Amino acid sequence: MSNEIQARWEQVLLRLEKQVNKHSFDTWLAKCKPVAFYDNTIIIEVPDHFSKSWLADRYAPIIKQAYEAIMHEEVSLQFIIAGQEVDQPSKPKEKSPEDTYVNILNPRYTFDTFVIGNSNRFAHAASLAVAESPAKAYNPLFIYGGVGLGKTHLMHAIGHYILENNFGQKVAYVTSEKFTNELINSIRDDQTVEFRNKYRSMDILLIDDIQFLEKKERTQEEFFHTFNTLYEANKQIIISSDRPPKEIATLEDRLRSRFEWGLITDIQSPDYETRVAILRKKAQLEGLQNFPDETIAFIADKIHSNIRELEGALIRVSAFSSLEKSEASPQLAAEVLKDVISPSKPKVITVPVIMQTVSEFYGLRVDDLKAKKRTRSVAFPRQVAMFLTRELTDLSLPKIGEEFGGRDHTTVLHACDKINGELENDPVLTETIKELRKRIRE
């Protein structure tokens with residue numbers, strides 16, 4: 001290892017030490033060793049297969065971010081197992097424009113590896129329809145949902161499918177943040193024409209995390225014209241976000257309306273059965289066919305947040321089991337994941353958690369609580385959700401109103417007063433509120 005590589009790594013570790021707890025740092029990051037750097041790729045040696053999977057799934061983004069902050073340029077990471085040879089090319093391979101985009105599709109994110117459940121069935125069907133008939137089924141396709149629920153997986157799966165079944169199609173996958181940074185660089189370097197040609201010559205454009213364009217007027221302007229060019233040329237556009245178009249603040253109306261031209265579909269948190277299926281699929285992909293079913297059931301029961309954390313928990317338990325040479329039992333899982341599932345760790349209660357819990361209880365969709373509907377079947381659950389949000393969070397009345405579809409603070413105050421008044425004389429509502437509090441805090 002050269003002095004320069006070692007020096008950079010020490011700077012990276014200093015940054016990472018501030019971002020993760022000491023136990024995680026010592027267990028995973030301190031044992032890594034950068035062994036080579038070429039063609040903007042950092043080769044990092046790790047002890048074993050489990051460490052490789054865990055680091056790639058959990059820590060690669062922050063390691064990459066730390067390197068880029070130090071080096072002031074974009075880099076890629078490659079993890080290798082100790083003893084594995086590094087094939088360093090004598091001359092960096094020139095990349096075609098298509099390679100620049102296609103190569104960042106994650107090989108693991110395909111339709112075959114996507115686990116279908118009630119929470120994502122429609123989004124999967126819509127994505128497959130778009131992949132099978134680009135620009136003919138739904139254009140644009142807009143997928144939204146919380147962090148780690150599978151939006152990016154579906155986008156990559158669409159890209160893979162089109163590349164495998166439509167020879168010669170040019171596919172670009174890019175995050176909104178990267179799109180913005182490239183635009184800024186092109187303006188600085190007087191290369192805006194090249195930037196525009198790059199994206200407007202694509203057959204398929206997949207743009208992730210579109211909410212990043214909030215308050216970025218110049219980028220919205222550029223994307224608006226890129227969207228128009230591609231749409232008018234009958235090219236497929238797929239967009240993802242953590243919220244529907246109507247809830248992206250400061251998004252220009254002309255962009256919002258274009259996002260609504262096609263199909264908008266959401267992905268919800270997976271139910272228990274889907275979580276079990278996801279864990280079994282992950283175990284299969286990681287070569288853990290003998291991972292105990294009872295431990296999978298335990299993890300599925302305890303980890304509800306998102307698929308990323310769910311899969312990360314399985315890798316973490318299997319890694320500790322391998323390193324400690326012990327059975328991956330539910331007891332071991334409870335010990336290894338105690339920082340994630342510890343009952344003593346207070347749960348952070350957020351508006352999305354409250355909305356999801358209340359909407360499920362009343363048989364509604366989260367969108368119903370934000371919509372303008374005033375029928376009692378929707379208005380009353382909305383008032384309950386507002387009441388619980390005021391009680392269980394520190395948000396101000398105006399902020400609560402904003403979360404519930406941009407309502408005025410007086411509407412929130414009225415809802416809270418109404419529920420408080422009814423609680424005095426309605427024992428059924430009292431029990432309902434008690435049950436909802438319990439579910440929200442679980």
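From the backbone N, Cα and C atoms, a Cβ is placed for every residue, glycine too.
Note that TrEMBL annotation is computational and uncurated.
The Cβ of Gly150 (ATP binding site) lies under 8 Å from the Cβ of Phe114, Asn120, Ala123, Ile267, Ile307, each on the same chain and at least six residues away in sequence. Look at TrEMBL and you will find Gly148, Gly150, Lys151, Thr152 tagged as ATP binding site.
For the domain 'AAA+ ATPase' (137-265), the model's pLDDT averages out at 90. The domain 'AAA+ ATPase' annotation in TrEMBL covers 137-265.
The domain 'Chromosomal replication initiator DnaA C-terminal' annotation in TrEMBL covers 350-419.
Look at the region 'Domain I, interacts with DnaA modulators' (1-96): DSSP puts its residues at 46 helix, 18 strand, 32 coil. TrEMBL lists 1-96 with the feature region 'Domain I, interacts with DnaA modulators'.
Annotation comment: TrEMBL describes 322-442 as region 'Domain IV, binds dsDNA'. Sorting each residue of the region 'Domain IV, binds dsDNA' (322-442) by its DSSP state yields 84 helix, 0 strand, 37 coil.
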Which of Gly148, Lys151, Thr152, the listed binding-site residues, has fewest other Cβ atoms within 10 Å: Gly148
Check: same-chain CB within 8 A of ATP site center, minus Gly148, Gly150, Lys151, Thr152: Gly145, Val147, Leu149, His153, Leu154, Ser240, Ile267, Asn306, Ile307, Arg308
Per-state residue totals over the domain 'AAA+ ATPase' (137-265) - DSSP helix, strand, coil: 67 helix, 24 strand, 38 coil
